[in-house]
Amino acid sequence: MFVLAELKDTVRIAPDQFSVKLVDAIRDEIDRKLANKVLLNVGLCIALKDIVSLQDSIILPGDGASHTAVVFRYIVFRPKVGTVMTGKIRSCSREGVHVTLGFFDDILIPQAALQHPSRFDEAEQAWVWEYPLEDGAKHDLFMDVGEPIKFRVSREIFEETSPVGPPKTESQSTQGPSTSTAAATAAQEIKTPYKIIGAINESGLGVLSWWDQQGKEDDQENEDNTEYDNDEDGEGACEE
């Protein structure tokens, strides 16, 4: 789930930080730039692990800051495909079930990856697994917000979110004075740099309370069978 990524960067240290030890100033600057940020095809940056190497610092003409080439290792959140994880249901929509890990929210379990058959309940705004019973009836198992859920990572999606240019101004727009700018802004806001696609359509996955309840019922059934066997043994002993 967490991996170490070796990265390279040239770190700029402003003159007002020259009183701080160079390594400490570089650590602070790297964390400021990367912590809680998504790097394309790398993952979500969590924290600096260590600094592998530092080159000599240089001061460029016209800039009083120092520039240091650094190789470092950073702790990154990027679960492998196939990893089983536990999160909480953040919300449900017709698109699927949205899951959060607390520090990472962009997890989607799409409709096709839910248990079959499932339906979306508009009134409850929740997905419902129509669990088949032995007598042919169905028992509704709801996927409520806040419920712990276990899922398998099936895919990851990275998207480039760097701005491609300023939005068109009113004078440049040919489709209307404000429509183009609003559309460009909305498109940038919708983009998610890193998204995980999950699946729960296999035994043992899904809302944890489903399987906990089933385990309790199995344990109760085993206890009842054990008590019945003991009663039979006791009756035989009395007859002798």
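Glycine is no exception: its Cβ is also placed from the backbone N, Cα and C atoms.
Going by TrEMBL, these are the annotated features:
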- 169-185: compositional bias 'Low complexity' (COMPBIAS)
- 218-240: compositional bias 'Acidic residues' (COMPBIAS)
- 8-64: domain 'RNA polymerase Rpb7-like N-terminal' (DOMAIN)
- 84-211: domain 'RNA polymerase III subunit Rpc25' (DOMAIN)
- 160-185: region 'Disordered' (REGION)
- 211-240: region 'Disordered' (REGION)
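For the domain 'RNA polymerase Rpb7-like N-terminal' (8-64), the model gives a mean pLDDT of 94. The domain 'RNA polymerase Rpb7-like N-terminal' (8-64): residue composition by secondary structure is 16 helix, 22 strand, 19 coil, according to DSSP.
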